[in-house]
Amino acid sequence: MQTGRICFQRYCIRKRIFYKYLKENSIVRRMISSNVNGTGSINWSEIYNRQKKKLQENFKDPVQINPNAIFANNETSLSEIDIYGFDYDYTLACYKPELHYLIFKLGQEALIQKYGYPSELINIEYCPDFAVRGCHYDVRKGLLLKLDSFHNIQLGTVYRGTKALSDEAVKTLYGGIHVSLEDMNTFYGTGPMYQLVDLFAPPEMTLLCNLTDFFMENGIPYDPEYVFHDVRSAVQGVHTSGLLHSQILADLETYLDKDSGTSDLLESLVSQGKQLFLITNSGFPFVDAGMKFLIGNHWRDLFEVIITKARKPKFFNESKRPFRIYDPQTNSESYDRVLKLSKGKIYQQGNYYMLQDMTGWYGFNVLYFGDHVYSDLAREIIRSNCLEYQQAVKWLNILQNLIENAQMDTTQDTTEIRQSWLDERKEIRNYTKSLFNAQFGSIFRTYHNPTYFSRRLARFADLYMSNVRNLLNYPIEHTFYPRRMELPHEPHV
């Protein structure tokens, strides 16, 4: 009898706390008076139905984001920019999807011919829709996966080969879903968790997963770390060896997008008195052929400084490698010390600190465009502009709020309703993910957090866009303002 009295008292206390919580919650507060039945309990099903009907009736015009816009992580005023710098590959030179097929094929051939992998691999066809940029590969466990900005694994995006792992298997392997800082990879490539972000990433990841499938399906023992480094060396090698460049140069029409607007942008900047420079890891003959194809024989006249074989990212963080002058006529480098950078000459190697000292270019009046997110961004904006996606996201937010509010109501009926809502939330999350990529979802977000890729983008880029030509859509003195981000504890205004 004493125990029953104590339990009843605890129940009354919980009920008072519960109603106090509901009345303080803005979403449920508006509906609570009309959805309390004669027993004093809340009719959660009615709230759910009303909210869903309201969404379906009122949400008919999706917000439209311009895919050709420029987006700011930090406030940036073009009126302060006098010097514009550019990378070449995937910045001034925009490549067509055919390039990824070529990289995949050359990678296959290199694995077979140089690393002794089974010749049957050549029969595997490239699937362009399997992987997205920015995924991580765990070399110890042999898994391809997507992480958010807090090193949390997005469940449903963990693959051994092209086979997804169950949520339970992932949690068992990692002791949850968090990857510790010690197990992450550094910016310079050390550690077991490698992020694949460059232009080779999609074909490289796909080839790696196809190879894993081949070993598993044929019962061939393999060490995932050896396989990863072999694939990485094979794919990177087709670039460093010059093989990829020679294939592109042999058919520029197939691989380079001549309508990317590069010529219009550079001509416009120069006509408005801006100074331009080029820093690329590619060699001059490759860049020269591409720029002549995109702009014309006069392309070198547009740039104050041209630097090739720059060895980025080392170019930006090492101060020891000097510049060398390259002679296009003899395809040779000079041995003289370079004391200044002159227009009309071609330079190789060097470093950022010497560039600053020799030109006086530094600070807020210099803007450099590196390898950006191109068609990935434009494609994702187009998909997120659709009504189906925005309705799903809106309903997902409403549903999660209902789940959060109802969890303090511990009656049996409410517990069952809440579980059905959790199941529905999972379905909606998977649906919104599939709108971008069936395996890995959006490049820029997990279910609710930015991805690790987005985190790097925010850290290193003041602005990002789908094409450098997007600059032509803005006045030369335009200021870009970042969106104010709400913190979890701040009111939704």
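Using N, Cα and C of the backbone, Cβ positions are placed for all residues, glycine too.
Annotated active site, nucleophile per TrEMBL: ASP87, in sequence order. Under the heading active site, proton donor, TrEMBL lists ASP89. According to TrEMBL, the feature Mg(2+) binding site maps to ASP87, ASP371. According to TrEMBL, the feature GMP binding site maps to ASP89.
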Work out how many Å separate the residue listed as 'active site, proton donor' and ASP371 (Mg(2+) binding site) at their Cα atoms, rounded off. 7
Looking at Cβ-Cβ distances, which residues of the chain lie under 8 angstroms from ASP371 (Mg(2+) binding site) while being 6 or more apart from it? ASP87, ASP89, TYR90, THR91, ASP198, LEU199
Please report the number of other Cβ atoms within 10 Å of the Cβ of the residue listed as 'active site, proton donor'. 20
Across every protein chain in view, the count of C-beta atoms other than its own within 10 A of the C-beta of ASP87 (active site, nucleophile) is 21
